[in-house]
Amino acid sequence: MVGWASALLALLLLAVVASLALGAREIALGQVWAALVDPVAGDNDHLVVRDLRVPRTLVGLVGGAALGVAGALMQGVTRNPIADPGLLGINSGASLAVLGAISLLGVTSVVGYLWFAFAGAALAAVVVYGAASLGLEGVTPVKLALVGAAVTATSTSVITVVLLADTQALDDYRFWQVGSLANRPLDVLTAVAPFVVVGLVLALAAGRVLDALALGDDVARGLGQDVVRGRLLVVLAVVLLCGSAVSMVGPIAFVGLAVPHLARAVVGLDHRRIVAVSALLGPVLLLGADVAGRLVVRPGELEAGLVVALVGAPVLLLVVRRSQAVAA
Amino acid sequence: MSAGTLEHSAADRREVAAAGLRGARRRRRTRRTGVLAVLVALALSLSGAALVIGDFPLSPGQVLGALLGADDPSARFVVVELRAPRLLLGALVGVAFGLAGALFQSVLRNPLASPDIIGISQGASAGAVAALLLGGLSGAAVSLSALAGGAFVGLLLYAVAWRGGMTGHRFVLSGIGVAYVCAAVVGYLLTRSEVDQAQVALRWMAGGLAQAEWGLVQVLALALALLVPLVALVARRLDLLLLGDDQAGSLGLRPEVVRAGVVALGVALACAATAAAGPVAFVAFVAAPVARRLLSDGGLALAESALVGVVLVVGADLVAQHLLPGDLSVPAGVVTGAVGGPYLIWLMATGRTAAR
């Protein structure tokens, strides 16, 4: 475990350094360091590092951690290895709210999208959880997953109708929708950081609950867990983390799917460890994808949301293929 | 004396148990027949409505006359050349998606494992959008490109998930991973094209029946005429497979082979339907859960799923064409999602048992 942890931290450090140094303008490591500790006014390299790359890297760090941990929580609480923010309706709720802001209110900046995305994500989660908890059985993993997919389908339909009717909205929305780390001002980060912190703390605290839930509701009850409260806690953490991540970087779902699987391959089935490792692996994947996206079509860029699936999917397939039985 | 009483009561108990079993079987049969009858009636009345309703006003008598060959050229043209192919295309697409979803969800044992989630639809979309935006193609070429995209994803999933046999989880997970890659490709193409071209691609990806004509109906009908008998053939084995791999194995089945065959059928059905009508949202996903909820006997419900698919696609196309406010006319796939989603939520929220 210690070995893995230090390896992960080293990887993360590497990703951060690469994100600060590489891009359309390559900046030597010494210059990067100087820009951080002793900036010279008017130096273009220092300007790029401080005003563009530092915010971008921080957004990638926080967003990646939030997405990775949210994915781990979702797969745990639904006991379904293919649950992710994209499938459980959260991303589509956020997308619908952002599209509403674009189409009805004429909002066009990332800062403007922020609270719409957050509110949409939260509303979708409330609808999914609320609808799944109606009925005699209460919330079951299957119902959560099905209702989530239903909410996704419904919002996607509404989104399609709006986009087919409103060309201008499509023009703005398509770029938000792919997901990117570029041009996110630090305001966006400071606005959501408290939510991410609370979400991460809740997630770590929920590890025990998830371990018990993995054995089935009855066994969990027998072990003395308050199943309903535990599940609510997890869903609250998911809303905080997903809402923050989506409002910062757009609906990038792949990180939430892949990272928990990679984490399980590394540390096994203990949920506290999965959460901790996901918090480190998420940023590695997202920052790595962002750096790769800057390098492949220089001086242009590919958005991180596009690259992350192209880079991450082969890794995921390899892990899935190697594992004897994928944990459910 | 006492031994006699015991024997007597044991026989009694057997009798009571047998009667209970017979009753349960009878109730199950009645319910099955009832559900089938209701679904067929619903599908037929929607089909009738689809032939009668439209911008060109026709009475049911005129429609019937046109179908039977009466001498009324304009009615004949509207019914035979416009409405009938559209209706048939919708019905065929509904059958294909309904069956594909039911096959995937039962053989992979995951309610989320329908072709529109595990990459087949996304692969087809990527193929079609590439043909539309990169190649500037249209019509049959787009359909072929979609078919190629979906089939490619299907084969890729086999290559990745097959390792001396196939497990459901491995297949599903790989499928979702591939789905994200395809979604990224689509996202790339959409953001690097002219916005009106992107709108054309978006319309294709919603899925609809506007392109219906007899040639397309014939091709899809031919594909289903090949595939549906095969589905009927594997249905019995699939039923046994649901008992669990060990049980099925002891009954002489090879679980991995059956599973691979069923998945191949599901991929073929989904690809055929998607190539013809685009990935009509949510039909494959929702058909089986709804059918099983209506039956609530834990069976496969393949025929019922196909019928639910038909009702959903034909009904959604009716709504999309005629029942929306103003002059708004949208692809049917938009309505299937907008109607199917809330309906599934309502089922989940009101039911007593979870759909399986």
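Glycine too: its Cβ is placed from the backbone N, Cα and C atoms.
Annotations in TrEMBL come from automatic prediction, not curation.
Annotation source TrEMBL lists transmembrane segment at B:35-54 (among others).
Taken from TrEMBL, the feature transmembrane segment applies to B:87-108 (among others). Tertiary proximity for the transmembrane segment (B:87-108) is limited to same-chain residues at least six positions away from its ends with a CB under 8 Å from its CB atoms, namely 43, 47, 50-51, 114-115, 118, 168, 171-172, 209, 212, 216-217, 220-221, 223-224, 227-228, 231, 238, 241-242, 258-259, 262-263, 265-267, 269-270, 272-273, 276-277, 280, 283-289, 291, 300-302, 305-314, 317, 332.
The transmembrane segment feature in TrEMBL is assigned to B:129-159 (among others).
Per TrEMBL, the feature transmembrane segment maps to B:171-191 (among others). Panel annotation: around the transmembrane segment (B:171-191), residues 108, 110, 112-113, 117-123, 125-126, 129-130, 133-134, 149, 153, 156-157, 160-161, 198, 201-202, 205, 263 of the same chain, lying at least six beyond its termini, place a Cβ under 8 Å from a Cβ of the stretch.
For B:212-235 (among others), the entry in TrEMBL reads transmembrane segment.
For the transmembrane segment (B:262-288), the residues of the chain that approach it from at least six positions outside its boundaries are 89-90, 92-94, 96-108, 114-117, 120-122, 124-125, 128, 143-144, 146-147, 150-151, 154, 158, 166, 171, 204-209, 211, 216, 219-220, 223-224, 227, 230-231, 234, 238, 241, 301, 305-306, 308-309, 312-313, 316, 331-334, 336-337, 340-341, 343-344, judged by C-beta separation under 8 angstroms. Marked as transmembrane segment by TrEMBL: B:262-288 (among others).
The transmembrane segment feature in TrEMBL is assigned to B:300-324 (among others). Panel annotation: around the transmembrane segment (B:300-324), residues 35-36, 39-40, 42-43, 46-47, 49-50, 53-54, 86-87, 90-91, 93-99, 101-103, 106, 208-209, 231, 235, 238-239, 242, 277, 280, 283-284, 286-288, 290-292, 294, 330-336, 339-340 of the same chain, lying at least six beyond its termini, place a Cβ under 8 Å from a Cβ of the stretch.
Beyond the transmembrane segment (B:330-349), the same-chain residues lying 6 or more positions past its ends with a Cβ under 8 Å from any Cβ of the stretch are 90, 203, 206-210, 277-283, 285-286, 289-290, 293, 312-313, 315-317, 319-320, 324, 355. Annotation source TrEMBL lists transmembrane segment at B:330-349 (among others).
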